[in-house]
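Below: the structure, in structure tokens.
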Amino acid sequence: MSGKRADGGHDGAGDVALIIAVKRLAAAKTRLAPVFSARTRESVVLAMLTDTLTAATRVPSLGSITVITPDEAAAAAAAGLGADVLADPTPEGHPDPLNNAIATAERAVSGSFTNIVALQGDLPALQSQELAEAVAAARAHRRSFVADRLATGTAALFAFGTRLDPRFGSDSSARHRSSGAIELTGAWPGLRCDVDTPTDLAAARRLGVGAATARAIAAH
């Protein structure tokens, strides 16, 4: 992504590269199965990615946005919003597919950017100002992170002039903290509200989800 978009969002002025890794939609968010059919779940996952990207494209400090995914629908949606897209080369059965995908994307953008953030793609209540404030706070540290609303996961991992060293997965908040990353303490409720379960989705809806997610849920 580069330059100014027609909707007024700013695409190329920043010095930070953002990475979002997205798994195959059919395999994503299986814990939402109690409330959505498989087809609707895929639509909701894609909508949450759309709302996350829409918020991110309005953050002036982001100079590029890259989505790495093996999923054609997710890739098309990301490209339609102006993101760069990488095909995820992670093989089936890889023991750590998410972190491998993030590391792959990091290598791809590191030639142009030394400041990188890995962001979850399931943040339908994300506000652009929240992400902008988190990026600004992260500049005070070489490596930092924002925990999710339950303080067990990681919503965003930042690296300024150093490697991301991503440790997403179970108890990633503790793993990032123990690896030396500084925990950022801003409120940022939408940034912290990733959606894995029906309870998470209810929390996001209370905050106010983006237009794409609202439409996907309404169609259910």
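Glycine too: its Cβ is placed from the backbone N, Cα and C atoms.
Swiss-Prot lists G169, S172 as phosphoenolpyruvate-binding residues, and of the candidates T152, T154, T185 the one it assigns to that same site is T154. Highest local Cβ density among the binding-site residues T154, S172 belongs to T154, counted as other Cβ atoms within 10 Å over all protein chains shown. When Cβ atoms from all protein chains are considered, those within 10 Å of G169 (phosphoenolpyruvate binding site) total 13, not counting its own. With T154, G169, S172 listed as the residues that bind phosphoenolpyruvate, the site has a largest C-alpha separation of 8 Å. Look at G169 (phosphoenolpyruvate binding site): DSSP puts it in coil.
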